[in-house]
Amino acid sequence: MKRVMVVTGGGDCPGLNAVIRAIVKRAAQEKDWEVVGCIQAYDGILREPTEIKVLDEKSVAGIHVQGGTIIGTTNKGGPFAWPVKNSDGTYSFVDRSDEMIRKIQYLGIDAVISIGGDGSQKISQLLFEKGLNVVGVPKTIDNDLSATDYTFGFQTAVQIASEGIDRLVTTAASHNRVLIMEVMGRNAGWIALHAAIAGGADVCLIPEIPYDINKVAEKINARYNRGRGFAIVVVAEGAMPKDGTLVFEKSDEIGYENLRLGGVASKLMKELKAAGVEADMRETVLGHLQRGGSPVAYDRILATQFGVKAFELVLEGKFGQMVAYRHPDIIGVPFLEAIDRPNFVQPDSALVSAGKGIGISFGE
Ligand code: F6P
């Protein structure tokens, strides 16, 4: 019997369970393969006692419609930077990768499929260099990896954000308010751009197009002057003014450095007041609502394709690769090609131009 271990790392993302299910169902078609899941990213394998569980067709039945991940996840580092709490409450980080690889071998695991974002893919490359048989599956709602046309989870986040705008429009119109909605995306504006177009926002602010607050204020005031007494502003969490800088904060108790830009909407509201917007304004931060719940059909399908392909790469012994969608194919690309190549919105792209074509202001 051969064993493949599935790991989900980093933030959760709608479609993770569909990938797991696809791996298990594809593996079940081979007589001699067993799939195990490592609990909470690589933590399960490093814990004493080890926490891994066998995943069979029964245990994954119907999970493709569920959000989250049935094997859990964490974004607190990984085997190369394992946190150890010091007596003074601070943390030190130790490299436990060799110990982890030994444990994986001891457990008779022949290959690992690691489903995660760019951080997980970097860890996979380092583990691959140390001799581990590992295949990657890209995961992020932010859609900011250029090795693949799309990542699963993105369409679900866009759907949720668009529905958010639909709801904000009716309350904004009733109260003649400016409603500012902050969406996720780290330092990419994909979710904001798609949602703004789908939802019919008036202003869309994304990191790739630094905004001039006076232009945003002009757009809003012009709408009010024309008698359209409300406005919807979508702002990506990474958006910044022309002279702005990204803010990095130590955001959790372990002290991992996360990009944390929460509060962008309220900052924008203050900037708009200072720039002469007199209308009543309110902010909404969608936050983790964008990552929770059932994936839309598109994400279930893409995630399923990724899961099947990942297992097939394992069967073919093509390690050191990440699955990717390059229309119309699902292919394997070397980790080295997949990492460190972020995918940002191009300010001169067709989608931005369509947005401008329907009158959306990008604050330029
Ligand atoms: O990368 C996915 C993402 O949801 C980003 O859009 C967001 O900035 C970040 O993760 C939030 O991370 P956390 O769940 O750790 O707060």
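A Cβ is built for glycine as well, from the same backbone N, Cα and C atoms used for every other residue.
Automated prediction, rather than curation, is the source of TrEMBL annotations.
Remember, it's a predicted structure, so these values are computed and weren't measured experimentally.
Of the residues G11, G185, G189, G199, TrEMBL puts just one in the ATP site with K76, G77, G117, D118, G119, S120: G11. If you take the Cα of G77 (ATP binding site) and the Cα of D142 (active site, proton acceptor), they are about 19 angstrom apart, rounded to a whole number. Close contacts with ligand 1, defined as a Cβ under 6 Å from any of its atoms, occur at G11 among the binding-site residues G11, G77, D118, G119. Binding of ATP is attributed in the record to G11, K76, G77, G117, D118, G119, S120, and the widest Cα separation among these residues amounts to 14 Å. Classification of G119 (ATP binding site) by DSSP places it within a helix. The two recorded residues, S120 (ATP binding site) and D142 (active site, proton acceptor), have Cα atoms 15 Å apart.
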